[in-house]
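Trainee: Sharing the record's features from Swiss-Prot:
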type     : residues : note
TRANSMEM : 22-42    : transmembrane segment
TRANSMEM : 74-94    : transmembrane segment
TRANSMEM : 95-115   : transmembrane segment
TRANSMEM : 134-154  : transmembrane segment
TRANSMEM : 169-189  : transmembrane segment
TRANSMEM : 201-221  : transmembrane segment
TRANSMEM : 240-260  : transmembrane segment
TRANSMEM : 268-288  : transmembrane segment
TRANSMEM : 292-312  : transmembrane segment
TRANSMEM : 342-362  : transmembrane segment
Amino acid sequence: MLIYLFNWLSHYYKGLEVFSSYVSVRIIMISITSLLITLFLGRPMIRWLQKMQIGQVVRDDGPQSHFSKRNTPTMGGVLILSSVIISALLWGSLSSIYLWILILVVIFFGAIGFFDDYLKLVLKHPKGLRAKHKFALQSIFSIILAIVLFYLLSKNGQMNLSIPFTKNLHIPMGIFLFVVLTFFIINGSSNAVNLTDGLDGLAIVPVVLVAAGLGIYAYIQTNSVLANYLLFPYINNQGLAEVAVFCAALCGSGLAFLWFNSHPAEVFMGDVGSLTLGAVLGVIAVMIRQELIFFIMGLLFVVEALSVMLQVGSYKLRNGKRIFKMAPIHHHFELMGWPETKVVIRFWIVSLILFLIGLVAIKVR
């Protein structure tokens, strides 16, 4: 929205065109805007959640240190998502179909997560939205979105899967393979981030790092100078440049949320936040065809999800025997005696290393 205002004002005030003509400037401005919105609205929202008694539900079989988290305000993901949408509408180019798709993803998955949280925390339904209903909604949306993205990206000739650490090695993809891969990426990422969000600040830092990494790739691929210099296929579509702008909004809002979510957490994001952030990261990776880079940078999420799958599989196939003391795996380390803060910081370090490996792939090709 502001891009059009500054474009008009630039005819009367020299220098203001930088706010409408340069993606890099808008990346900076949207990150600052989303950060300030989240910081400004964070405290009032926490007080409102406390007043409404919308608090965290803690598992009875979990670590004893978690009992103090009971009734900590949750559904704070609404704060993140609202900040991202407002910032995107302010600083994004509203002519970009990709920006609107990302906003739609935030709204749809946010609605699923919100309804799930509402059932569990407000109506006191023990299991919330049934898993099969949640999966059905996610699946239908993901398949439709995958088909839409296939036709949009095929117009730009973006139907090759990029292989990290190589210059010209790509895997061509038809509609069937593309839809299947996109389906698993969106749903897998959504649920993996949801499983990771179990300790104070644990999920939001990896989310910010992955969003930053994907944003860097999006910026490079839509900038002809950088793309040619770094030997990336140039995407001649300014609409996709808005993906980098959107990633910056995720980073700003995520960092501000960490202010309230760091140990001891004053608020949790809930399913409304974790399900949505995971889904939107998956969609971004597909849009810029960096699915494998997303896998590398987000490997922490993959490990968390795999630990749950292995635990459930072992319990069912081995007569109740478990691999881990508790799943997801961050709880396993807690039950081994690691303090919560040590688990979180060490997982952040792992996530940072994975982020840096993903960035190394920009140059080492």
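Heads up, the Cβ atoms here are built off N, Cα and C, so glycines get one too.
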Trainee: What same-chain residues lie close to the transmembrane segment (22-42): Cβ under 8 Å, and 6 or more beyond its ends?
Mentor: 3, 76, 79-80, 82-84, 86-88, 90-92, 215, 219, 222-223, 241, 244-245, 248-253, 255-257, 259-260, 267
Trainee: Hey, which of 95-115, 134-154, 201-221, 240-260 has the most Cβ-Cβ pairs under 8 Å against the transmembrane segment (292-312)?
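Mentor: When the Cβ pairs under 8 Å are tallied, 201-221 comes out ahead.
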Trainee: List, by number or range, the same-chain residues at least 6 past the transmembrane segment (134-154) whose CB is under 8 A from its CB atoms?
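Mentor: Apart from its flanks, the transmembrane segment (134-154) reaches 97-98, 101, 105, 108-109, 112, 116, 175, 178-179, 182-183, 186-187, 190, 279, 283, 286-287, 289.
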Trainee: Would the transmembrane segment (342-362) count as touching the transmembrane segment (201-221), i.e. at least 3 C-beta pairs under 8 angstroms with sequence separation of 6+?
Mentor: yes
Trainee: Are the transmembrane segment (342-362) and the transmembrane segment (169-189) close enough that 3 or more Cβ pairs fall under 8 Å, when only pairs 6 or more apart in sequence count?
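Mentor: Taking Cβ pairs at least 6 residues apart, the transmembrane segment (342-362) and the transmembrane segment (169-189) are not in contact, as fewer than 3 fall under 8 Å.
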Trainee: Cβ under 8 Å to the transmembrane segment (342-362), counting only same-chain residues 6 or more beyond its ends: which ones?
Mentor: 164-165, 199-202, 205-206, 209-210, 212-213, 216-217, 220, 230, 263, 293, 296-300, 330, 333-334
Trainee: Six or more residues out from either end of the transmembrane segment (95-115), which same-chain residues have a Cβ under 8 Å from its Cβ atoms?
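Mentor: Cβ under 8 Å, 6 or more out: 75, 77-78, 81, 84-85, 88-89, 129, 134, 137-138, 141, 145, 148-149, 152, 190, 238-243, 245-246, 270-276, 279-280, 283-284, 287.
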